[in-house]
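In Swiss-Prot this protein carries:
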type	residues	note
COMPBIAS	820-845	compositional bias 'Polar residues'
COMPBIAS	926-936	compositional bias 'Basic residues'
DOMAIN	33-137	domain 'Cadherin 1'
DOMAIN	457-566	domain 'Cadherin 5'
CARBOHYD	51	N-linked glycosylation site
CARBOHYD	423	N-linked glycosylation site
CARBOHYD	549	N-linked glycosylation site
REGION	801-845	region 'Disordered'
REGION	906-936	region 'Disordered'
SIGNAL	1-32	signal peptide
TOPO_DOM	718-936	topological domain 'Cytoplasmic'
């Protein structure tokens, strides 16, 4: 709003007076100049009111210089002075209604002090009203209560509305929502306040409309127009202007005679449109005889009619009762109640169980009587005709007997295993309408007979148990069920008689006869047997007993309980050490020997690996991890010792792994004389510190001489024996015909094999030392040991007359299998470079050949004496007796490739020709080649 300018003038006399006061120091008063402004209410803070600097005649910058400021009169500061612009502005929002209430004019006065002149200026600011408030009622809802019999024209004052604004913005008028019963009239009090009055225009009827809802509106005269409303609820009070009215003028009801006392017959209802005490209706009998009054009971408030005494159709079949209804005033109404009593079937049949034959066996024949019943009804005629029935699903039926008796008989076969007892309900029903019935309940037990054998849950069982189990351990349990009961269902378990490897099954397995738990009586060995088959019998205790069998397969699981067993080289029985030969000319990778081992376990537990555990010359030899082949890792040097000691370990892959070791002695030499010359060095002296060089030389010379002399003697004896043998064989013809191959024991030499000529020497298994057969010589490697030259027992041969021709006919020796032969190129050593078409000749001259033949004879003598550490029975392939006929390599087919013929690259195979009993192909050719070399 624009501020009004100052309308007063400053008098010159006053200015002079002020100056005079200042001069004389006399107190002074403010001048008479007054500055007035006018603003509307609700301005924002900082709104412009007036320009003080202009009205005071001062420049804006002089306001601060002269100390112009507002002097408050104790009221909250509503205005502030802007020293820069010289403008008077609002210090906050100004609410006129809060500041001046209902005053017609609202003025705010304060002074402005000019300090340098010590002069005050009065400021008067008028705050004008705006229409910022609507008329409001103190309550949101107004309740007005009017009696319905009030006459028209009656006035009812209503509370007025309040509007804090003034003037035209204040409350100006009231309006009432349109209706046909009320109008509005506005009255004014002495102070000018207007209030409304509600005027009844037409009479009210509470039964027509009990509550009238009106809306009263109060409006002011501002711009924009504001108004307030209030909901007026007019409640019409009741007046007793209506009489009770029954819902029916006449009530009819038919009731059976056997209704119990207290039964509600019907309820009469009368209504009164009035409310409160005027609408409360009470009921009572009117003009009722005393005899009838005792029969019925009427509730005066609800109108319920009940029987107070038993009704009898034969006594009274019809009642007429008059009921009156009265409200709280003088109005009443009447109605009739007609009650018809009907004859009904009020007696239920009586059912009695005369006899009950329980329990009944489940094998009882059809038609067997299990119960006898009697029925009776006190009613007569149709109401006294009684029929009996049972549920259709029961295996019984009712048969009518004489008079009022019924028999309960078996209609279908009984099975106790399906239903062990029957809860039977017999219902007796009369012919009344509605029919009455009576039920009798009893339980019939079914006795068991032994008609079900025990049954196992499975057709067959199988279980697994690790070997080496604890004795007496529970290994499995079987369970059989018998649907019979008591003794007929008591099951006894047993094992069927059987033998395992000639031993009764009962010595291996036992079973708890009550629980069916099986126990191991022995510790099982997977290597002995893998599986146990048995029959478990379950018998009940009935008479006669019934039983059933089930097969049980017990599989023994292998555990790593067997360490690897080394087949080759076999451990010697005399404590000596086996010797293998490696020529100094051997290239890297030369096959020296092969360690052959087996494991009696299976699967991973029998998977073997080889490794070199210890060597006297590290790095000289290597062992195949999976083959066991001992090969040279590098070329042999002159500085390498003649005797090399190797410790080879064989380990399986079980958990935990088991292992075995073997010590190999490898002789490094290029010729037999060199080997023989140094054989004495294979034995270590008992005490190296006390050994003497001279003693060594003497022993060496003596040993060489002994060996040379022994070889000469053996060679001469061999020549004579061969000549004698040829004569003997020619004279005997086929004397060994009919002797099976299993009667011959192959002598495969001693522990050190040399590449040279060799003769096959075979003994019959029952000949001991007395019988020798020398077939066509073949070429093989021969094992030489120190024991060979020191053997004292001579090889004994009987003359021709002592051959057991009649006991054991001689047959021609079968030619050697070609699988056991290999060419010179396949043999380790320097001879491997020769022509592979013919067998090689490692001895350089006839003398070496003769010497080797003598060694073979000595080896044959050891085999005949049973002192050979490598010789074995027939069919054992030179293995020890432990792996004889009862444990051949057929038992360990996975290790056939590991059987190694010392000194060669050949491995054992099961030739088809040998299995068929036929001579292998190429055998004759080998014999011819051998003969040619002998002639040379």
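Each residue, glycine too, has its Cβ placed from N, Cα and C.
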Residue pair residue 51 (N-linked glycosylation site), residue 423 (N-linked glycosylation site) - Cα distance, angstrom, rounded: 114
Those glycosylation sites listed as 51, 549, and which of them has the most Cβ atoms within 10 Å of its own Cβ: 51
Across the topological domain 'Cytoplasmic' (718-936), average pLDDT on the 0 to 100 scale: 41
Sequence-distant neighbours of residue 423 (N-linked glycosylation site) in its chain (C-beta under 8 A, six or more apart): 441, 443
Mapped DSSP class for residue 549 (N-linked glycosylation site), helix or strand or coil: strand
Tally of DSSP helical, extended and coil residues in the domain 'Cadherin 5' (457-566): 7 helix, 52 strand, 51 coil
